[in-house]
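Here's what Swiss-Prot has on this protein:
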- GLY174, GLY175, PRO176, GLY177, THR178, GLY179, LYS180, THR181: ATP binding site (BINDING)
Amino acid sequence: MTITSILQKMVKLKIITSSNFYLSTMLFNKNTLATFLSICVNHFTNHGHVCLPHVLIQHQKIFFTNHIALITKLWEIAKINTCGWIEQLLNSNTISNGSKNTPFIFYKNNFYINKFWLAEQKILKFISQKQNFKLINKNKIQKILKNIFNTNIDDTQKLAIILSIINNITFIIGGPGTGKTTIILKILLVLIRLHKKKINIKLTALTGKAANRLSESIHENIKKLNLTEHEKNIFNQKTTTLHNLLDLKPNKSFNYSCCKNKLYNLNLLIIDEASMIDITIMDKLISSIPKTTKIIFLGDYNQLPSISGGNILKNICSYYQEGFSTTTNKFLKQLFPNRITIKTIKKHQFSNINDKIIMLKKSYRFKKKSDIFKISEMLTKNKINNIKTLYQNINNDVNFKQISSKTNYNNIIFEITNSYSKYWSALKQSLPFLKIINIFNNYKILCILKNGLFGITELNLAIEKEMKKIGWIKKVTIINGQTWYFGKPILILKNNEEMNLFNGECGLTLLDANKKLKVFFLPKNQEQIYSIPIHLVPEHQTNWTMTVHKSQGSEFSEVVLILPTIMTSILTKELIYTAVTRSKKKLTIYSDENIFIKSLKKNIIRYSGLSIHQKIKF
């Protein structure tokens, strides 16, 4: 038996991908050990890891499959159990410690693909840079902050504002309702007033929906501020996605020089929903942004990470300890003596990183009695047993409903469909579009799978069937194989710049002035409501239900979460937390209790050398 024949079997059994097989065997066909390493490292990076800890190879914990004999044979042929296999690799042209250019890197007991190791080193250097406080005009900052701090903001929020002003890089971390957007308004105002000339600012997020929400929130709140016309003009700029800013497009190579030229005079970059940044985007961002640009990352690392490689925000926050280094603390106290309580941390090895992080803990959205708040707190603090008791009780704003049978499924469809009655009532009354879409967005059904009985495809079809039975859906039109009807909600699945539509945008199918069906979309950046004929709508899905992943960056008054009746690999604590924190007022969870509790005990693990401490799970 050869390594090639074993790997071919693994492809047939879907243990590894065919692309991994062909790439590894093509590059290293004469080197069994190098082929083995390539298969293992690529397998891990395909699952979101940045690196592969060598101890997992030692313990055969790479491929989680029942075909144990096959995996054992693979290890025997590659001679992994023999002494000196790593040294043998290091003596080849396949791998190095980073001192020379090789396909793989072995660094601090982790195996990397070369580009990921380089990216990780670049990120670490970027977040570790020292701040030069000598260049800061303390008197001018104090004068501006006096007016800003007269408003009702707590000490932690004040520290977040000051850190963002004195640091070139700041990470503002907080759950829902902790005032991240409020802080951004204050930071923008201070920085605008610090710059006599026009300041070049870019407001971005990781999804189109989150970018729109950031824009809406800022424009709603600037009305409360006493701004000059010059300040209003700066605030009234458009938000965009980080992908759009960096000109990152599928099937298009990244142009560093073009991106650098585009951003050469950028003074301030704000990135919302930063938990969704992957290692590749972070690498390209650092390479493109001028060293003088101030960057503020906003996010909640307890949420789902990016679909692609790494868990960057969580890794960076692993360096966090409450408080600041002596140098930073001294400067903060010079700015505001006796006004803010600041803890000093002595001898923190990574104080340069820690001094860039601030954690917002107080939620202004939820009352402490709120069960939604309690669940989110229990999830972040890993108090799973407390959630069990909450599951068994009847609560005001959280309701757990057991899934048990097919009959039960029909009852679920009836219940979740009837919750759309307010939306259909608004349509019947011909209310203005903005009111209709606000009513629609008050209620959202979330699930985790695309297919299966509890996936979005089946649930959307079942809801449509129930709506036809009720009499809400009447006349149905088929165009290009797509079903259309008055009131149909859709979700855009891919960016389409020509139509100014972006992944995650929601549209409603309504009648125009000529009684023709069109899909209407919310205005962006203070623009007008716009509509598109149904035959021109780009790739989309029906939006009575959506996945939790697609809901990131959105908020709803009432959320229904429907979990499948079998355990799946993507059911994790982070997914549940993300779903729970989409809701502002009411949450209903349909789930088998055992499945729900199992999900809470399962964390997303992504191996990376960027984290201060890497826990290995066997």
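Keep in mind that glycine also has a Cβ here, set from the backbone N, Cα and C atoms.
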**Prompt:** Within 10 Å of the Cβ of THR178 (ATP binding site), how many other Cβ atoms are there?
**Reply:** 23
**Prompt:** With a radius of 8 angstroms around the mean position of the C-beta atoms of GLY174, GLY175, PRO176, GLY177, THR178, GLY179, LYS180, THR181, what other residues of the same chain does the ATP site pick up?
**Reply:** ASP300, LEU360, SER363, TYR364, ARG365
**Item:** Helix, strand or coil at GLY175 (ATP binding site) [DSSP, three-state]
**Value:** coil
**Asked** Out of GLY175, PRO176, GLY179, which has the highest number of nearby Cβ atoms, where nearby means within 10 Å of its Cβ, if these are the binding-site residues?
**Response** GLY175
**Complete:** Sequence-ordered list of residues in the chain of GLY177 (ATP binding site) that lie 6 or more positions away and have a Cβ within less than 8 Å of its Cβ, or none, is SER363, TYR364, ARG365, PHE366, LYS584
**Request:** For the binding-site residues GLY174, LYS180, THR181, work out the Cβ neighbour count at 10 Å and name the residue with the minimum.
**Result:** THR181
**Prompt:** DSSP on LYS180 (ATP binding site), three-state: which is it?
**Reply:** helix
